[in-house]
């Protein structure tokens with residue numbers, strides 16, 4: 001049984017504590033027990049958590065870095081330019097290609113217009129996006145994190161600002177360690193000002209998706225925009241400035257839940273960035289390897305893979321949550337291997353299964369077999385089925401819609417001649433950008449006629465014709481009269497567009513009548 005009396009040694013001062021009642025958590029490895037009967041001497045660390053060390057990644061050139069450049073430019077161009085693209089929408093909506101119109105509850109994307117009752121299209125796109133992330137992870141690992149994630153893209157932008165203002169890795173490290181003075185303060189102020197401008201542009205571009213971009217841009221700087229616009233820009237500016245300028249890799253490692261999901265999805269057949277330890281170990285410098293042929297592996301322990309990593313990890317320690325699969329370490333290692341006359345691919349995109357095959361002297365699987373395995377096929381099939389279903393629904397949807405709401409109080413009126421009248425509120429939607437002439441017709445309910453508030457009862461018929469403005473909903477108050485002794489029954493109103501399209505929509509409802517005495 002352990003001795004309850006232990007001696008803690010901290011800052012040269014010994015303190016006797018009871019390990020059961022003490023609130024200090026002492027690792028077992030930190031406890032060194034002396035002779036039997038003597039109290040243990042426990043050496044406590046000065047701090048429970050290590051202070052974050054700033055990551056100053058080195059500039060590198062190579063195929064993966066160039067691909068990362070291309071993705072960054074493409075994604076930023078899409079984000080900043082899209083609100084300024086024009087698209088003719090007539091007099092009832094801003095001429096903007098992509099617009100989220102919250103006031104009128106519309107979503108526009110080029111020639112596609114989504115109404116509130118068609119929100120299932122948006123839900124379908126979100127489901128496709130989620131399955132798409134699973135598909136990408138299954139096929140090429142955490143490529144989303146390494147290239148297209150907004151946190152990665154904006155962090156990359158801020159890191160290029162660092163290099164522009166402070167220089168490359170070594171210069172930035174020296175500046176960090178230097179005492180504060182006029183030169184350092186000026187550099188920091190200049191750099192943070194650029195951070196702020198980029199962050200402000202990020203927040204400003206976001207609000208342009210929710211209103212006519214040129215109009216809102218002019219109103220914003222004239223201080224005439226809505227307060228919510230200024231609040232949104234302020235929040236997004238602050239978050240972009242903080243997350244992209246200072247927290248950076250901490251967002252990926254500690255805050256974002258997606259790395260945990262992705263790592264749970266990876267297995268020995270998943271494509272990841274990996275270090276081939278069977279080839280690189282034991283490590284040794286070029287000089288040592290020349291003096292002792294065959295004793296050392298290909299890794300010369302130059303730490304270039306660590307120097308270029310945007311999250312500051314050492315990929316040689318194996319797969320880890322800090323690796324975002326940007327593959328910059330591959331570019332760095334391949335360059336070193338080329339300079340030292342050794343084969344490339346010491347750090348490579350590969351599966352753990354292929355690494356084991358290579359270590360055993362076997363050929364790895366072809367690239368297409370690595371990507372096309374059962375899980376990726378399942379993900380792609382589900383993703384494609386949902387996409388095709390959405391395209392079919394989008395291509396076959398009607399741009400007219402009819403909603404019928406019968407009066408409930410009273411449900412019917414008995415006229416003096418014994419006939420029965422029901423009242424209904426009809427909503428006619430014209431979801432096109434041009435006015436349309438539409439007819440409302442009775443389907444079923446033999447012998448019945450109808451009229452509206454604009455049509456007198458003596459001119460009742462089985463059809464009402466209305467002009468419905470573009471991109472709007474028209475409300476019609478309709479009255480249906482049926483002969484005496486007409487029983488309760490289901491019937492339909494049919495909405496038909498009187499143009500070349502001839503689209504129709506049915507609204508099912510019920511005709512109420514007195515019951516048998």
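Keep in mind that glycine also has a Cβ here, set from the backbone N, Cα and C atoms.
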Checking feature assignment: transmembrane segment per TrEMBL, candidates 192-209, 210-227, 264-281. Which range matches?
192-209
Residues flagged as transmembrane segment in TrEMBL, choosing from 48-66, 67-85, 86-104:
67-85
Examine the ranges 172-190, 229-247, 286-304 and name the one recorded by TrEMBL as transmembrane segment.
229-247
Per TrEMBL record, range annotated transmembrane segment [choices 377-395, 396-414, 415-433, 434-452]:
377-395
Suppose you had to name the range TrEMBL annotates as transmembrane segment; which of 9-30, 119-140 would you pick?
119-140
Of the residue ranges 1-37, 334-370, which one carries the region 'Disordered' annotation in TrEMBL?
1-37
Under 8 angstroms, Cβ to Cβ: which one of 67-85, 119-140, 229-247 has the largest number of such pairs with the transmembrane segment (192-209)?
229-247
Per DSSP, how many helix, strand and coil residues does the domain '4Fe-4S ferredoxin-type' (287-318) have?
12 helix, 0 strand, 20 coil
Can you find at least 3 Cβ pairs under 8 Å between the transmembrane segment (119-140) and the transmembrane segment (67-85), where each pair is 6 or more residues apart in sequence?
no
Chain residues in Cβ proximity to the transmembrane segment (377-395) (below 8 Å; excluding those fewer than six residues from its ends, i.e. six or more beyond):
112, 120-121, 124-125, 127-128, 131-132, 134-135, 138
